[in-house]
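Student: Below are the features I grabbed from TrEMBL:
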type	residues	note
ACT_SITE	B:K217	active site, proton donor
BINDING	B:K117	NADPH binding site
BINDING	B:E202	L-homoserine binding site
DOMAIN	B:366-439	domain 'ACT'
Number of protein chains: 2
Amino acid sequence: MTQQTSYNTGKGAGETVGVALLGFGTVGQAAYRLMNEYADEFTERAGGPIEIRGVAVSDLSRPREGVDPDLLTDDAMSLVLRDDIDLVVEVIGGIDLPRKLVLAALRAGKSVVTANKALVAAHADELAEAADASGADLFFEAAVAAAIPVVGPLRRSLAGDRVNRVMGIVNGTTNFILDAMDESGASYDEMLAEATRLGYAEADPTADVDGYDAASKAAILASIAFHTRVSADDVYREGVREITAADIASAKAVGCTIKLLALCERLVDSDGKESVSARVYPALVPRNHPLASVSQSFNAVFVEAEAAGRLMFYGNGAGGNPTASAVLGDVIGASRNIVLGGRAPGESVYASLPIASFGSIDTRYHVVMHVKDQVGVLADVAKCFANRGISLKTVRQEGSENGARLVVVTHMAREDDLEKTVADVSSIDTVLSVERVLRMEGDD
Amino acid sequence: MTQQTSYNTGKGAGETVGVALLGFGTVGQAAYRLMNEYADEFTERAGGPIEIRGVAVSDLSRPREGVDPDLLTDDAMSLVLRDDIDLVVEVIGGIDLPRKLVLAALRAGKSVVTANKALVAAHADELAEAADASGADLFFEAAVAAAIPVVGPLRRSLAGDRVNRVMGIVNGTTNFILDAMDESGASYDEMLAEATRLGYAEADPTADVDGYDAASKAAILASIAFHTRVSADDVYREGVREITAADIASAKAVGCTIKLLALCERLVDSDGKESVSARVYPALVPRNHPLASVSQSFNAVFVEAEAAGRLMFYGNGAGGNPTASAVLGDVIGASRNIVLGGRAPGESVYASLPIASFGSIDTRYHVVMHVKDQVGVLADVAKCFANRGISLKTVRQEGSENGARLVVVTHMAREDDLEKTVADVSSIDTVLSVERVLRMEGDD
């Protein structure tokens, strides 16, 4: 049974919602500007005026344009706890400080809107408990794919369905890099430099290129889709640093492009027992799959549900304005409940499905081997796959400088079995090395 | 100010929601089956059990499989008004009967979920008034593009943004026909017959092929997107009956395909005055536009918002299961409010923008003329366009049986001006006829 048993009854139509804006970076500035620009419309939509009553920044001495200086403070906690604050909008980033502030707000019965995927993915449990205890709302549409409505559609629109799979391109930086590599044939390092120059990648790109950002989003998506608590630590993760121009070319040769995917899957074993897999890795995607054509820094989330079938949501997954759009949608929703009463659906983890081990997932594989150019190699390699029960869809041999490259694409196979097969193949005398194993996702 | 000032406080967590299902066709049967199959999960998601307590059908003598016979009744009104019914699910179709039943339910304070686009588009005003007066919820996600979440994302996720344009493929039957014509080069009549044979078109295809269905959806989308009441009568409408294989070939020649579009636009005149345009017509769409690749009976809705930028929602726009998915998402939402209290955002029409006359819209045009094959024709035609201030993007001349075909694509021009230009062109001696004017939408 849901924990939600008490509802706030609302301040009453026409009452003002006092907002604390925590953070005044790109997203904070956009949200501030739009909230002022759309103030009259927001009043109509929320049932009462929404007023920014304080803006918390880390450094008061820095000049800030376009903000009423009387609103600025560097004491975020005092602002959050002020009696005239009903709603806290957290767009600081990081984990420790926002966690303290968001928890304090929720415990004080103040609703929170956050764009912070790392916070939500790492601390969903205590945030949800605090919100449920006080009856406050916790919204985070902006935490996944920015402007693209994903959290709301999964939580509300698909509430009457059974989601089996969510597959998304949820990191704009890596999509920009991989798309540029695909377009130009250039190397990862060159395209990372390009992304940095154009502002798509940060000075330290770790969170993006090593898949941490996508893993946080995968955890959030899996939690909502499967009504199960999935944290970032539960997500298997591989980044894109090692993707080479040769990998992209290899993918092209089999009609694919390479995308960094966040995959959330409901697994059912032979006894009918269900579990959940959440994983992030670069994978080959067939060019005619809708996700293959997601270019530049765009994001898209593909959902398969029992009754709805296949759905896709596409749009801007990053940037000040798109992120602010999602934040402000939540601000309206939270404000409406503060004014008129009611509470949005909160965390729903009743299903409590176990997290599947990564070795137990099934997918297809694209394996590149460097082999001696002599008779019988193919037969030896094929035998290794057959011995583990893995059938091959295509086999391709290419000449290379010293020896040959053998490229196989498998049918569906279990990760554990594939790993053992790779070990087997590596031990063949005529196989110089297994250069690369990449997974292949998306069957149309 | 919103009219919503009072909220129901909820029956209390764990209390049962009594549901009346009106209609047991494809969608009703799917909804019934899934509600039973997912009963335990729905209880968790809604905060209390959801129980179907009656199913209204028109003919009790017809054998019905898979439904508890004790639940069946042919007296829908008595069922709706029964004390143990909290929520009414209307999937009958048509307008008059459902209107009476839905109004009776809302007036009695019972929430309603409907998939009925014609009803919502024709009677939004009285339905909203009845819901607002009693505090009941009125949900209709399934009325637009079935399983694809569109109403929810526009109403909630984009509540903090400013939507400027909604452009959708919202009728699966016509998309199937046009896509098949594009693929095969066959005629409209052949592909309509094929659609009928495969169950994509009804015996009387009028509602689909003449654009009435799409017009209802355009009215609903425009109402929500622009916070303005737009009814089906406000929507300019042209169907697809007159689209020929030659039109499709002509579109291909300029890199386009033809789609039946539902277009909702915020117009701003030179004085900054805003108005709303809602229209349905077949239009040329460039092949690299995301909507061009929406094949078969799939639907997609493209949204442009100020801060979010461009978004697209894609999926199954028809069928029993996909429609039931949307209906049941609403059933969970409505049930949650019945159990735990609160109310979903209802109709929001505060903006009350005027409806723009069709003649005042701006778009691009693809005009096919049958002309005499002699010197000077092109100059005469071009002069007509120039006289009305319409500039041409491309001009193409093709030989034809007697004379020649002249095909021009214009830059953005006003509908009124284009109409006058066509009259001017028609009066030129060397122009035998203006065969076809089609609009062109989607600039990337």
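Easy rule for this one: first residue shown is 1, then count along the chain.
Placed from the backbone N, Cα and C atoms, the Cβ positions cover glycine too.
The model shown is predicted, which means the values in this text are computed figures rather than measured ones.
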Student: Quick check on the recorded positions: of B:K117, B:K217, whose CB has the lowest count of neighbouring CB atoms inside 10 Å?
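Tutor: Checked B:K117, B:K217; of these recorded positions, fewest Cβ neighbours within 10 Å: B:K117.
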Student: Rounded to a whole number, how many Å is the Cα of B:E202 (L-homoserine binding site) away from the Cα of B:K117 (NADPH binding site)?
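Tutor: Computed Cα spacing between B:E202 (L-homoserine binding site) and B:K117 (NADPH binding site) is 17 Å.
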Student: Taking the domain 'ACT' (B:366-439) alone, what is its mean pLDDT?
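Tutor: Summing pLDDT over the domain 'ACT' (B:366-439) and dividing by its length gives 94.
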Student: Using DSSP, how many residues of the domain 'ACT' (B:366-439) fall into helix, strand and coil, respectively?
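Tutor: Final tally across the stretch: 23 helix, 32 strand, 19 coil.
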Student: Any idea what the Cα distance is from the residue listed as 'NADPH binding site' over to the residue listed as 'active site, proton donor', rounded to a whole Å?
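Tutor: The residue listed as 'NADPH binding site' to the residue listed as 'active site, proton donor', Cα-Cα distance: 6 Å.
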Student: So if I draw a 10 Å sphere around the Cβ of the residue listed as 'L-homoserine binding site', how many other Cβ atoms end up inside it?
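Tutor: There are 13 of them.
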